[in-house]
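Colleague: Next up is a structure, given as structure tokens.
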Amino acid sequence: MEDFVRQCFNPMIVELAEKAMKEYGEDLKIETNKFAAICTHLEVCFMYSDFHFINEQGESIIVELDDPNALLKHRFEIIEGRDRTMAWTVVNSICNTTGAEKPKFLPDLYDYKENRFIEIGVTRREVHIYYLEKANKIKSEKTHIHIFSFTGEEMATKADYTLDEESRARIKTRLFTIRQEMASRGLWDSFVSPREAKKQLKKDLKSQEQCAGSLTKVSRRTSPALRILEPMWMDSNRTATLRASFLKCPKK
């Protein structure tokens, strides 16, 4: 899964996800599904914001090409992806400037057109179930909730989807592509089901035990559960695509 994430997502998103997991003391070598989920969530937040601006008349417009002569303001402030200290600094600044009520939990975005914070959700389950979980956690009518699924479904507060249909379709298409790519690599079942993930973990450990008596030297740079994998960077630049080679038991 880690190899897939590094190949599938923009290096900047991968780096932000790594920092987020490190900040919370989580090991991406072990919690690879969480690593993939964080990258997916980050990308959706960025796609949500992409190309959306507010012009001089205060109208929301979509601009896909940079125009240096246009006096435009980004419609959305991206809060997700920042470290907690900086994220709260941005939230406090927005509240002081706009008079918005300070949220109890860090939101993902702020919409300058609608003057509201937005919580973005990406779920592998039913959208309405995840929506209710988000709503029960946030307990604030001031924060707008928008949930996307990998099956193309979505749900938003008061059925207000904020973005135009084309922008939302772009997000849904990307999520569907991620799902298809995972499925083609045999990763989707373990990603969508914790039970399947545990089965895969046991399978990896069993493979490791079978290799224990061989002469194959296993890298200690990876977590115990994933020692049968030996990631090899093809260059030192983190913006390059990760290639991986898999250690196998030698034939007897």
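Yeah, the Cβs are placed from backbone N, Cα and C, and that goes for glycine too.
Dumping what Swiss-Prot says about this protein:
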SITE      Leu28  site 'Important for efficient shutoff activity'
SITE      Leu65  site 'Important for efficient shutoff activity'
ACT_SITE  Glu80  active site
ACT_SITE  Asp108  active site
SITE      Arg195  site 'Important for efficient shutoff activity and nuclear localization'
SITE      Lys198  site 'Important for efficient shutoff activity and nuclear localization'
SITE      Lys199  site 'Important for efficient shutoff activity and nuclear localization'
SITE      Lys202  site 'Important for efficient shutoff activity'
SITE      Lys203  site 'Important for efficient shutoff activity'
SITE      Lys206  site 'Important for efficient shutoff activity'
Colleague: Are there any residues at least 6 positions away along the chain from Leu28 (site 'Important for efficient shutoff activity') with a Cβ closer than 8 Å to its Cβ? List them or say none.
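Modeller: When sequence neighbours closer than 6 are ignored, Leu28 (site 'Important for efficient shutoff activity') has Glu2, Ala17, Glu18, Met21, Lys34, Phe35 within Cβ distance under 8 Å.
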Colleague: Between Asp108 (active site) and Glu80 (active site), how far is it from one CA atom to the other, in Å?
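Modeller: Distance (Cα to Cα, whole Å): 5 Å.
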Colleague: Far apart in sequence but close in space: which same-chain residues, 6 or more away, have a Cβ under 8 Å from Glu80 (active site)?
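Modeller: Within the chain, Glu80 (active site) has Cβ neighbours under 8 Å at His41, Leu42, Cys45, Ala87, Leu106, Asp108, Leu109, Ile120.
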Colleague: For Asp108 (active site), just count the other CB atoms lying within 10 A of its CB, please.
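Modeller: Around the Cβ of Asp108 (active site), 24 other Cβ atoms lie within 10 Å.
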